[in-house]
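Engineer: Pasting a structure below so you can have a look.
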């Protein structure tokens, strides 16, 4: 009788399933969905239900499924520690609602760009780089547009202009008459 009960144990264990919606069950469900997507080439479209990933507009097989394209800022700054000028791409969502910390490529220092979650107490209520620099009397220049380009010459000296409306002499013909 004991042998009969023990021989049925694997069958009984396979039939036992958890009824909770805990993390393990969700993890298993996600793994099974990803496996099914890879095998069948299907993706879940929230608005339209199941659809083939190749029929999604503008998406190819190499495109990441379920990836949300977010708007970004292009941050260009000069490190005050080492003087390195660098550019970083930061999320607009993180800048306005989260925390943004960038690392200087020159000196490897970390610079706080935005702290909307009050992680850093030394900022005294300032939430982003615009407020931090405004408190110091410095300004932030915003450039908008897709192809925006801003060039600033730091040690600019105005060029010498000739008197009146005359054209400057041709430097290639010096001393010739």
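From the backbone N, Cα and C atoms, a Cβ is placed for every residue, glycine too.
The following feature annotations were taken from Swiss-Prot:
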TRANSIT   1-53  transit peptide
ZN_FING   68-165  zinc finger
BINDING   79, 82, 104, 107  Zn(2+) binding site
REGION    155-177  region 'Disordered'
Engineer: List the other residues in this chain whose Cβ sits within 8 Å of the Cβ centroid of the Zn(2+) site residues 79, 82, 104, 107, in sequence order.
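Structural biologist: Here the nearby residues are 80, 81, 83, 84, 105, 106, 108, 109.
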Engineer: When you tally the Cβ atoms that lie within 10 Å of each candidate's Cβ, which of the binding-site residues (79, 104, 107) has the highest tally?
Structural biologist: 104
Engineer: The zinc finger (68-165): mean pLDDT?
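Structural biologist: Average per-residue pLDDT within the zinc finger (68-165): 81.
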Engineer: Per DSSP, residue 79 (Zn(2+) binding site) is which: helix, strand or coil?
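Structural biologist: Coil, per DSSP.
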